[in-house]
């Protein structure tokens, strides 16, 4: 009898912890529980009820949401919605302003998250993975007529309100067709209601858009975390192992001892000198189908004016008198081949050449030809 009471107490405690989010657990407690690798009882019906994969034919407006939204969602979920629309149409996703999942760990959505993927015949592009409570995910427009939404929660802590995503056709809106509800109000169609939202362009991850996204990262570690949050450390290590004879060829000029008198004279007479200049690699190399990290590099380029304050100085231009090419080692991507797991073959360290101006001359139209 005592054994039965003990088992009932454990089951009750485990089930109630799924709903209680009033207290914020300490990070140490979280790690301890995760390391213990505790599992829910397989007899718990929620485990089977919420492990689903559903295909939705998008003919109008509707939504998908986490179970029990806007309350705490259950644990141990793996839900997938595959949205399909007619050919020559696209699908728009808009997140409800009430959004909250378990917080990220080290800025990585590792445990509870919602993920959106663009699906085509040739590739799958992850549009984003979100968790936490800080901000609502952006509006998303699919590249094709297919898009996939995945929601995952682990065996431990849950949060509320979860999420709700409204979907709609971008073109040729038709009256919403009724769809079957497969589980506990997780999926629903909005019948007789026109769901309109502002037309905001959501750039897909083509080269130009990815180039802008890369601008948000300060380190290559942050960049790899974005592409592969689960395997970025392995990608970072393999980046150098893939090159059998890795040898960086980047170099910089040696600087001679500064001559203050000469600098002062140059400022008065010829401020046309090589100086640091930031160039966008894609623009500099005229490559439109690849992106680089870092996006920009410092080079020496001629700048300033000529003979500032002297006669005819406005008619002079500062041009390169000697140009050399220098090697720079960067990380190169081909966006169409980026994969979620593992490092794509088209992501590699490469050497590029950029022009550096070593000497600058003033060319003045008033000066007679030499």
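Start at 1 and count along the chain as shown; that gives each residue its number.
Placement of Cβ uses the backbone N, Cα and C atoms for every residue, glycine included.
Positions annotated as signal peptide by Swiss-Prot, on the basis of sequence analysis: 1-18. The domain 'CUB' feature in Swiss-Prot is assigned to 52-170; the stated evidence is sequence analysis. The disulfide bond annotation in Swiss-Prot covers 109-131, 302-360, 306-362. Among the features that Swiss-Prot reports, N-linked glycosylation site is placed at 276.
Taking 109, 131, 276 as the recorded positions under consideration, the smallest Cα distance to residue 360 (disulfide bond) is found for 276.
For residue 306 (disulfide bond), none of the recorded positions have C-alpha atoms inside a 10 Å radius of its own C-alpha, out of 109, 131, 276.
Same-chain residues at least 6 positions away in sequence with a Cβ under 8 Å from that of residue 302 (disulfide bond) are, in sequence order, 272, 273, 274, 275, 318, 319, 320, 357, 360. Confidence in the domain 'CUB' (52-170), given as mean pLDDT, stands at 90. Taking DSSP states H, G and I as helix and E and B as strand, the domain 'CUB' (52-170) has 0 helix, 57 strand, 62 coil. Within the same chain, residues at least 6 positions away in sequence whose Cβ sits under 8 Å from that of the residue listed as 'N-linked glycosylation site' are 298, 299, 300. In the three-state DSSP assignment, the secondary structure recorded for residue 276 (N-linked glycosylation site) is strand. The Cβ of residue 131 (disulfide bond) has 25 neighbouring Cβ atoms from other residues within 10 Å, across all protein chains displayed.
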